[in-house]
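Feature annotation from Swiss-Prot assigns NADP(+) binding site to Leu39, Lys64, Asp87, Tyr200, Lys204, Ser234. Residues or ranges marked as active site, proton donor by Swiss-Prot: Ser168, Tyr200. Residues or ranges marked as active site, lowers pKa of active site Tyr by Swiss-Prot: Lys204.
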Amino acid sequence: MGGMLGFFVRQLTFMPKPLPQNVRLDGKTAIVTGANVGLGLEASKEMASHGLARVILGVRTVSKGEAAKQEILKQSPNCDVQVWPVDHESFESMVAFGERAQSLDRLDIVILCAGVKNLVFSLSKTGHEQNVQVNHLGTSLLSLLLLKPLKDTAAKTGSPSRLTIVASEVHFWTPFDERKAPSILARLDEKDSFRGMERYNTSKLLNILWMRELSSRVTGNVVINAVNPGLCASALHRTDPTPGLAYLNKIFAWTPAQGGHNLTYAATQHVDEPGAYLSEQHLEK
């Protein structure tokens, strides 16, 4: 069942499952962006509980990252939890983050989870519309910057490395009229093209298009996929003024931990399915 009705039915009838106990991540290193709260934090906690040797929390605010670190260590004291600053609204910050990652002795898993949902038009300091800058341009740049350590680790270990981009089912729900413009990015930056929630949906479609194109071009045993985390009661919606959203969340939304299960599933399963879009913990064709 597709469309919005199908979405809400699945939210009620499917419950995300945690990783099986036999999934072990011993010795591995992961980077998770947007990891100070919500799904990114929950995914980091779950992977740490499965023996992950090191998790790097990519966060905009270091103090919030340090609080998340302590939360992970309470559960998994043997995990090496590091907090690295990265700002998706600064190309310089993302480049510095990527350069720092080149010094890692290994990088097995990357989950790009940082995102915003701004329903009011706003330009980031880069000059690009904020949803597009953070959700698409920032995510895409980081995926490129982290490819080399992922490839190097796969070559060294003989096992595929994983890059998971957190997308959304809402990517199906946008007409993406900007695609008809001579310059898509320039049109997305114009205020009169902005349609609130539709722009967030478009940014998630751009995630899928980027993931598919990148996956088709990457060699070196790096499996790249995208995941729909589902509707979760997370901080993503904190500035959403939509009437009745709190009521909908109370009825339909999964917990951040359940959304995190979807992320860890995508980052550890379907090793032979590059370019996959995963939803409700299965492969969507």
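Sequential numbering from 1, following the chain as shown.
Glycine is no exception: its Cβ is also placed from the backbone N, Cα and C atoms.
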Farthest-apart CA atoms of Leu39, Lys64, Asp87, Tyr200, Lys204, Ser234, residues recorded for NADP(+), distance in Å: 25
Integer Å distance between the CA atoms belonging to Ser168 (active site, proton donor) and Asp87 (NADP(+) binding site): 21
C-alpha spacing of Ser168 (active site, proton donor) relative to Lys204 (NADP(+) binding site), in angstrom: 6
Inter-residue Cα distance where the pair is Ser168 (active site, proton donor) and Tyr200 (NADP(+) binding site), in Å: 10
Assigned conformation of Asp87 (NADP(+) binding site) - DSSP reduced to three states: coil
DSSP state at Ser168 (active site, proton donor), helix/strand/coil: coil
Neighbour-count leader, CB within 10 A, binding-site residues: Leu39, Asp87, Lys204, Ser234: Leu39
Rounded Cα separation (Å) that holds between Lys64 (NADP(+) binding site) and Ser168 (active site, proton donor): 25
Ser168 (active site, proton donor) and Ser234 (NADP(+) binding site), Cα-Cα, nearest whole angstrom: 14
Number of other Cβ atoms within 10 Å of the Cβ of Tyr200 (NADP(+) binding site) across all protein chains: 24
